[in-house]
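> Mind having a look at this structure? Questions to follow.
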Amino acid sequence: MLFLWLYMFYSCAGSCAGLAARGSPAPPRAAPPLLPGEPGEESSLEEQRAAPDAGSSISSFFNGSGTKRLPQAIIIGVKKGGTRALLEFLRVHPDVRAVGAEPHFFDRNYERGLAWYRDLMPKTLEGQITMEKTPSYFVTKEAPARISSMSKGTKLIVVVRDPVTRAISDYTQTLSKKPDIPTFESLTFKNRTTGLIDTSWSAIQIGIYAKHLENWLLHFPIGQILFVSGERLISDPAGELGRVQDFLGLKRIITDKHFYFNKTKGFPCLKKAEGSSKPHCLGKTKGRTHPDIDQEVVQRLRDFYRPFNMKFYQMTGQDFGWD
């Protein structure tokens, strides 16, 4: 009887594997995660378009590589707040698996469907968390309802930064690609004489955090959203990562021993990156030198953001100290 059972098992294993090979497209080879600063860091992931999911129980048994799952946690914002740093730091944790590039599913690619989105995800084992980050979700009106429709239990992380500094950083990034754009000062105002701020300019609009958060709170309770300080992510990365690990229900594995401060770049770097024994800093697109901005313009922006900041502090129960 034992010999008969073994014969049937191995016969099935061979034939099932053969049928899978003949009847289903081979799963695509996972593209290596893009390192920060490489060209295409914020690409639309066309190169990672999915073939039909082949993660059956039989194939999982034979390849032992886990299963592709929809993300249980998403870094939803904000642009130029420190989202890339947070993702790279989190990927050091053995129980976190994340997409390297930005899927932009809930803003640009939603019509492709959840199966397409899931196939972009890395394979995970039981107990591991699947994550992605796309900072533009925070300011996309449709994103909260779409993520809630996928899973009401999705944990959301928002990395926020002084909105004035964030706007200047945003402008600096655009300037590096389009050197002939108007000055920061001219883009800030609809009318500089009256001091009327142009809130239609995305660099200004993104920093009105309270306005965007109101939209998210229509679909998610405040306790399901973690707000990470971009400033503290630089000054105390281990402390902020501790909060993030607690929020995600992970053991606190990422600690001070994982970081060193790079004086040239002006921010912390990893002593060892994911899957490497070498130190790793974010690429040359991070930590660019900001242009000198008229201090009167900076002060007017601070005055403009102050009431929005105060409201954001009240909504989140955190004082980020931007004034």
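Positions of Cβ are set from backbone N, Cα and C atoms, glycine also.
Features from TrEMBL:
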| type | residues | note |
| --- | --- | --- |
| ACT_SITE | Lys80 | active site, for sulfotransferase activity |
| BINDING | Lys80, Gly81, Gly82, Thr83, Arg84, Arg161, Ser169, Lys286, Gly287, Arg288, Thr289, His290 | 3'-phosphoadenylyl sulfate binding site |
| COMPBIAS | 27-36 | compositional bias 'Pro residues' |
| DISULFID | Cys269-Cys281 | disulfide bond |
| DOMAIN | 71-306 | domain 'Sulfotransferase' |
| REGION | 27-56 | region 'Disordered' |
| SIGNAL | 1-18 | signal peptide |
> Using a 10 Å radius around its CB, how many other CB atoms surround Cys281 (disulfide bond)?
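Cβ-Cβ neighbours of Cys281 (disulfide bond) within 10 Å number 21.
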> When you tally the Cβ atoms that lie within 10 Å of each candidate's Cβ, which of the binding-site residues (Ser169, Thr289) has the highest tally?
Ser169
> What is the Cβ neighbour count of Gly82 (3'-phosphoadenylyl sulfate binding site) at a 10 Å cut-off, with all protein chains included?
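Other Cβ atoms found within 10 Å: 28.
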> In Å, rounded, how far does the Cα of Thr289 (3'-phosphoadenylyl sulfate binding site) sit from the Cα of the residue listed as 'active site, for sulfotransferase activity'?
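Their Cα atoms are separated by 14 Å.
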> Could you tell me the mean pLDDT the prediction assigns to the domain 'Sulfotransferase' (71-306)?
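Result for the domain 'Sulfotransferase' (71-306): average pLDDT 93.
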> Between Ser169 (3'-phosphoadenylyl sulfate binding site) and Lys80 (active site, for sulfotransferase activity), how many Å separate their Cα atoms?
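Cα-Cα distance, Ser169 (3'-phosphoadenylyl sulfate binding site) to Lys80 (active site, for sulfotransferase activity): 7 Å.
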> Nearest to Cys281 (disulfide bond) in three-dimensional space, by Cα, is which of the recorded positions Lys80, Gly82, Arg84?
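Answer for the nearest of the recorded positions: Arg84.
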> Using Cα coordinates, what distance in whole Å links Cys269 (disulfide bond) and Arg84 (3'-phosphoadenylyl sulfate binding site)?
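Pair distance, Cα basis, whole Å: 12 Å.
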